[in-house]
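Student: To start, I am sharing the structure in question, which I have written as structure tokens.
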Amino acid sequence: MNKFDQIAESEEFKELKRSKNRFIWPIAILFFIYYLAFPLMAGYAKPLMSHFLFGNITFGYLYGLTFYFVAWALAGIYVVKAKSFDKKVEEITEKYFEKGAS
Amino acid sequence: MNLTYFLFFICIVVCTLIITYWAAKRSGTTSHFYVAAGSLSGLQNGMAIAGDYISAASFLGIIGTIALSGYDGFLYSIGFLVSYLIVLFLIAEPVHHLGKYSLGDVICSRFPNKNIRIVMGFGAFIISILYMIPQLVAAGLLIRLLLDIDYSVSVLIIGGLMTMYVVFGGMIATSWVQIIKTVVLMSGTFLLSLSVFSRFDWDVHRLITKVTEESVLGTSFFYPGHLFTSPWEVVSLQLALILGTAGLPHILIRLYTVSNRHEVRRSLMTSMGIIGFFYIMTLVLGLGTVALVGSTVLYASDPTGNLAAPLLANEIGGDFLLAFISAIAFTTIMAVVSGLVISATTAIAHDIYHHVFKKGNASEKEQLRVAQLAALGVGFISTMFALGLENMNVTFLVSLTFIVSASSNFPVLFLTIYWKRFNQSGVITGMICGLIASLTLLILGPQIMDPTHGWIRREAILPLNNPGIIAIPIGFLAAIIGTLFGQKQSEEQYAKFYLKAETNVTTRREH
């Protein structure tokens, strides 16, 4: 078994995979629902979407604009979180390649 | 043609040709030609992705749609940014780690098979060509309108330029054309947005009040329901947008032009910033057009609303600003079509020629020559199509590409990366059924079948303009059912594949 297979089979890597999945999927799925709710509400909840919240800004516009900020924020969170995953990958590979394969 | 316009256009053409000349001297290898040898920084690549992505249909069309249909136009514009979140979270890093030049590489790194190469190459080629033709037609019409040059002359100019960039400068020239486009587009729209606000003394409420007065829709301008009749139409469209981007070959190949995953993330962060900011500005410009130009004038000059940005520029800064905005629209089209030529070329020369015909044994020199010939061919074919389709309404082809990509490329890519049980038969059935379903449903829909102005003069069988909501599940289901009937792949193999997808350990350590 070469080192590559060892890493793929290792507990550390499986744990990393699990924690990555736990991070990615809930966000991806919740965001997807939050996003699809938007056109559905525009179709089925017209009074709410056309409701003027303050001055002449409707709920619908605010809801739409939140997507920009939420998308940027989530992207930022992903990048920060991905760095910590990188560190773990680094640790695992260091461990398996410590006798200098590279 | 007046002198201001002429100067702007000459300036752009000369700049881009200098870049191409400079790039041609550096691009001696296939790696340079296809992916700029991974030499771009995250920031540059992010700008190039935005340049690749924001088409003239967005720049001109979305502003017009917001101006004419109010809230529904805004609704439409949201999906463009949001789709990048899917790319970043689920697709980007695996694609970067697994592939070399094309999407075919990604799928074939798990399922090395000739038929899969053919299907993936074909899919990428079809999507790129379908996207390129409406861009070229729109470009021809736009240039004719703005510069008063004959349609066929303007199509030939654009087709010739884009082919030249790609054949001589490859991905390096294309990337820099896209970066320049992003800079010009963003500064132009930002300038316009600021001018709109300054006209209303920086008071948003005054702008909105003026919009209510000027729009034929009155206060209901801010309510949903002016463009989309059925909510399912919108859901369908948004689904195709959010999933389609994550399968667009010309966007995904841009993930190879940087050297590592940090730069991939930086690219996507940059492009999301730019794209988001751009679409927020389209809202301002749409409102500004209604307030300053008026929806009756806009509708009278072009019922599709595509002239919103030029009319607004003319109102704010006269002829000079109008010339500037026209030049921006021109650059926008150039950048997008060059990106498409590259991705169609990669599909033919790398996937089909190199991997299928030559079984991966073509020499470096031969590959490069074939790639250049393919680029020439792609440029020629799409230009010819664009010349022939002058009087056809082909704008629906733009939304078609998103649907085709969301129902064929995306399911296959997604399942390849994340589904342990997925196999070769799944890839083939998924790609083919997704492709056929989206094309058939579109033909049955009101874009093609229309009693008064359709290509087929009869009542549409399917009432949806955007059949994504049906086609995308068909793509997924076909891939899943195909898998269940096919051979099982060992779990161990998937574990290795997944390790490479997530960490890139093999190429970093063992090669």
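Using N, Cα and C of the backbone, Cβ positions are placed for all residues, glycine too.
Just lifted these from TrEMBL, have a look:
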type	residues	note
TRANSMEM	B:6-24	transmembrane segment
TRANSMEM	B:45-68	transmembrane segment
TRANSMEM	B:74-92	transmembrane segment
TRANSMEM	B:119-147	transmembrane segment
TRANSMEM	B:153-172	transmembrane segment
TRANSMEM	B:235-256	transmembrane segment
TRANSMEM	B:277-300	transmembrane segment
TRANSMEM	B:320-349	transmembrane segment
TRANSMEM	B:370-389	transmembrane segment
TRANSMEM	B:395-419	transmembrane segment
TRANSMEM	B:426-448	transmembrane segment
TRANSMEM	B:468-486	transmembrane segment
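Thinking about packing and proximity, how do these listed features fit into the structure?
Tutor: For the transmembrane segment (B:45-68), the list of distant contacts is 74, 76-77, 80, 134-135, 138-139, 142, 174-183, 185, 189, 226-227, 245, 250-251, 254, 257-258, 263, 266-271, 273-275, 278-279, 282-283, 285-287, 289-290, 293, 295, 298-299, 302, 304-310, 312, 328-329, 332-333, 335-336, 339, 395, 398: same-chain residues at least six beyond its ends, Cβ to Cβ under 8 Å.
Counting only same-chain residues 6+ beyond the ends of the transmembrane segment (B:74-92), those with a CB under 8 A from a CB of the stretch are 53-54, 58, 62, 65-66, 224, 227-228, 234, 237-238, 241-246, 251-252, 255, 264-265, 268, 271-272, 275-276, 279, 282-283, 286, 413-414, 417-418.
Through the fold, the transmembrane segment (B:119-147) approaches residues 1, 5, 9, 55-57, 60, 102-104, 107-108, 154-155, 157-159, 248-250, 306-307, 310, 326, 329-330, 333, 336-337, 340-341, 343-344, 346-348, 350-352, 356, 378, 381-383, 385-386, 389-390, 392, 394-398, 400-401, 404-405, 408-409, 412, 427-428, 431-432, 435 of its own chain, all at least 6 residues removed from its boundaries and within a Cβ separation under 8 Å.
Within the same chain, residues 34-35, 38, 45, 48-49, 52-53, 76, 78-80, 82-84, 86-87, 90-92, 95-96, 99-103, 123-124, 127-128, 131, 228, 264, 267, 339-340, 342-343, 346-347, 399, 401-410, 413-414, 464-470, 472 sit at least 6 positions outside the transmembrane segment (B:235-256) and bring their C-beta atoms closer than 8 Å to a C-beta of that stretch.
Same-chain residues lying 6 or more positions outside the transmembrane segment (B:320-349) and placing a CB less than 8 Å from one of its CB atoms are 2, 4-5, 7-9, 11-12, 16, 34, 51-56, 59-60, 101-102, 104, 120-125, 128-129, 131-132, 135-136, 138-139, 142-143, 146-147, 158, 161-163, 165-166, 170-171, 173-174, 177-178, 180-182, 184-185, 188-189, 192, 249-250, 253-254, 309-310, 313-314, 367, 370-371, 373-375, 377-379, 382.
Counting only same-chain residues 6+ beyond the ends of the transmembrane segment (B:370-389), those with a CB under 8 A from a CB of the stretch are 30, 33-34, 128-129, 132-133, 136-137, 140, 152, 155-156, 159-160, 162-163, 166-167, 170, 337, 341-342, 344-346, 348-350, 353-354, 362.
Proximity of distant same-chain residues to the transmembrane segment (B:426-448), defined by a Cβ-Cβ separation under 8 Å and at least 6 residues beyond the stretch ends, is recorded for 107, 111, 115-116, 119-120, 123, 126, 396, 400, 403-404, 407-409, 411-412, 415-416, 454-456, 460-468, 470-472, 474-483, 486.
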Student: Quick test of the contact rule: Cβ under 8 Å, at least six residues beyond the ends. What residues does that give for the transmembrane segment (B:6-24)?
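Tutor: Answer is 147, 161, 164-165, 168-170, 172-173, 176-177, 180, 323-324, 326-327, 330-331, 334.
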Student: Do any residues, 6 or more residues outside the transmembrane segment (B:277-300), come within under 8 Å Cβ-to-Cβ of it, and if so which ones?
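Tutor: Sequence-remote neighbours of the transmembrane segment (B:277-300) are 50, 54, 58-59, 62-68, 73-74, 77-78, 80-81, 185-186, 189-190, 192-193, 196-197, 199-200, 207-208, 210-211, 214-217, 221, 307-309, 311-312, 315-316.
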